[in-house]
């Protein structure tokens, strides 16, 4: 079952929380302080924006730290305004027990560069309640992330 706005506010730890980002059945995550494009880390907070060149991908850190209880998971989708500009997103589930900022991958499939501003809303996360708490909630490689984390695949 999807959590409505009032349950998101009550049951999910989101820091920093923005009333503007709270939606009827989700929360709009914002562009955080760091990005990774073409092999380089970018200080988005200092630059004020991140530019994704045409036909390139970017890793974007969320401004928000999300902490999920053991019976709630997250599902993310790119905001439709960005999709209409040719931006695609590939996101994994946010597992029950997750705690940290999220590193999200965007791909600019368009012929024009895409500019994302620091603290701009770019991805919506919806929260789903499991029928019971997970027996083995997430405690993996990326738990506790506060910065962009590159793949830990060996």
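Cβ coordinates come from backbone N, Cα and C, glycine included.
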- Item | Residue among 70, 95, 99 sharing the dCTP site, where Swiss-Prot lists 79, 80, 81, 82, 83, 84, 124, 138 as binders | 95
- Ordered by sequence, the long-range same-chain Cβ contacts of residue 138 (dCTP binding site) under 8 Å (at least 6 apart) are 95, 96, 97, 98
- Query: Record lists 79, 80, 81, 82, 83, 84, 95, 124, 138 as binding dCTP; longest Cα-Cα distance in Å?
  - Reply: 33
